[in-house]
Amino acid sequence: MKQRSFVMLKPDAVKRRLAGEVLGRFENRGLKILAAKLLVITPELAKEHYGEHSERPFFKDLVEYITSGPVLATVIEGEECISLIRKMVGATNPQEADLGTIRGDYAIDTGRNIIHASDSETSAAREIALFFEDSEIYDYSMPDEEMIYEEP
Ligand code: GDP
Ligand code: MG
């Protein structure tokens, strides 16, 4: 089943000039970028996006981190892509992330783990709607769709 995931390169990824390299991993895998924009998240949007963590001790630091510079917010589409992207992203704590994952290859600290990706269809729908208007999300066909999927 085709799914859409909300994937965000956090301020440390943008400032470290890793955005292109990380997005390239998804493109190389065969996933399709439907939307992308650079923006500085307001504290209000940060608190909404990370609402599930509002009672956690790291919440204040998390909001400060995620609003500390521009993020690259994207919508990515592909077959079962929500779990696929989470696998590519790796564990929340980069010390525990496998080599070959994004966090395992580019990050060291949980509080600077460079990327967010939706963890379920429910959160993907919620997060995409928080960051994007429908008109900012583009659907198009890939010319090599048959090379990526047996049954496109
Ligand atoms: P994710 O889905 O893998 O991003 O992880 P979570 O949903 O559990 O946490 C959201 C984000 O909060 C993480 O990506 C980290 O940026 C941050 N975070 C989680 N746990 C901690 C922590 O113990 N300390 C700090 N400083 N940040 C944390
Ligand atoms: Mg999460």
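The backbone N, Cα and C atoms fix where each Cβ goes, and this holds for glycine too.
Nobody curates TrEMBL annotations by hand; they come from automatic prediction.
In the three-state DSSP classification, H116 (active site, pros-phosphohistidine intermediate) falls within a strand. The Cβ neighbour count for H116 (active site, pros-phosphohistidine intermediate), using a 10 Å radius and every protein chain shown, is 20. Residues annotated as active site, pros-phosphohistidine intermediate in TrEMBL: H116.
Sequence annotations record features per position, and here TrEMBL assigns ATP binding site to K10, F58, R86, T92, R103, N113. Of all Cβ atoms in the shown protein chains, 24 besides its own fall within 10 Å of the Cβ of K10 (ATP binding site).
For the domain 'Nucleoside diphosphate kinase-like' (2-139), the predicted model reports an average pLDDT of 98. Residues or ranges marked as domain 'Nucleoside diphosphate kinase-like' in TrEMBL: 2-139.
Within 10 Å of the Cβ of N113 (ATP binding site) there are 23 other Cβ atoms, across all protein chains. Taking CA atoms as the reference points, H116 (active site, pros-phosphohistidine intermediate) and R103 (ATP binding site) are 10 Å apart. Highest Cβ count within 10 Å among the binding-site residues R86, R103: R103. Between the farthest pair of Cα atoms in the ATP binding residues (K10, F58, R86, T92, R103, N113), the distance is 21 Å.
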